[in-house]
Amino acid sequence: MLKAPRFWYQPRSLLGGILSPFSFLYQIIVRIRRGLYAVGLKKISKFPVSIVIVGNITVGGSGKTPFVIWLANELKNRGFRPGVVSRGYGGKANRFPQTVTENSDPLQVGDEAVLLMKKIDCPMVVCRDRGAAVKHLLRNFQCDVVIGDDGLQHYSLGRDLEIALLDDRHLGNGRCLPAGPLREPKSRLNTVDFVVPKQLRPNEIYQLKNPAKKIDFNELKELTVHAVAGIGNPGYFFKQLETLGANVIAHPFRDHYFYRSEDFNFDDDHLIILTEKDAIKCKQFDDERLFCFSVDAVVPDQFQNDFFRLISNIILRKQAQREGI
């Protein structure tokens, strides 16, 4: 995924205006595609367990990964048996569906999938075909709820609940691709079950070479650091470090970028701080300057109350249907 154009987040721009006819055409195609599923002309895969879709209507950077980590672990803590399916974006494996393990190679299954697997206590499967991923998951694991990571636009996968995440940039200029950042018209938010704002809380900063070595957040004050981010919204990461007091030298890379050691050949000895998703792909580098900035999702209490009330009822209903009650 390439860096988002600046004009996507400007109310008025010449380029946005020039591209607006293409956005109108894109919207028509999106509506037709969704309509074909709605009237049954395109097949929707349905399953006997609850399916919860987590996604967004904008391109990249809405905090899906930390949120899915929180959701999977919270479901497990409440006594449910969750599983996660994802596309495995950036992975180049020849065989799909594929179960992700802590030892999976990010080059094969994708960086987000490996990060998720390291931080959740439940099974995960990646496949471009989300329906095939769910089938594989249910065939090999006893799950009663499946989380579809970044699956809002994958209408071939049936769903019981939809959660749309919004980052600090909201909907940008409000236009669909290519004139704006929207994958679907903003009216799509009226059809999801929940809209949750992105909010991330700093957790810790640790050295990749020796994770026991950590940096206290107070040590960042007035410290000059190289901030490296190959994510959908690198600006959010840079701003977090600046808020903690660091003097940030920003190095944005394209989303899902795979690093080489020469990418860190800076002309000084300042610390290099990476996002968790980037750090997953840099553990092989023998460089004491590399540190990882980990974060946790902050989830509104009202959402938690409403969501778990709904999902509990859905899981119980589907369980009764499976048992013929």
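Cβ atoms are placed via backbone N, Cα and C, with glycine included.
These numbers come from a predicted model, not from an experiment.
Feature list (source: Swiss-Prot):
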BINDING   Thr58, Val59, Gly60, Gly61, Ser62, Gly63, Lys64, Thr65  ATP binding site
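Within 8 A of the CB centroid of the ATP site residues Thr58, Val59, Gly60, Gly61, Ser62, Gly63, Lys64, Thr65, the other residues of that chain are Asn56, Leu165, Asp167, Lys198, Gly232, Asn233. Counted within 10 Å of its Cβ, the other Cβ atoms near Thr58 (ATP binding site) come to 26, all protein chains included. Counting every protein chain shown, the number of other Cβ atoms lying within 10 Å of the Cβ of Gly60 (ATP binding site) is 20. For Thr65 (ATP binding site), the same-chain residues 6+ apart in sequence whose C-beta sits under 8 angstroms from its C-beta are Glu112, Leu115, Leu116, Asp149, Lys277.
Proximity of Lys64 (ATP binding site) to non-local residues of its own chain (separation of 6 or more, Cβ distance below 8 Å) is seen for Val54, Gly55, Asn56, Asp149, Asp150, Leu165, given in sequence order. Counting every protein chain shown, 25 other Cβ atoms lie within 10 Å of the Cβ of Gly63 (ATP binding site). The 10 Å shell around the Cβ of Val59 (ATP binding site) contains 19 further Cβ atoms across the protein chains shown.
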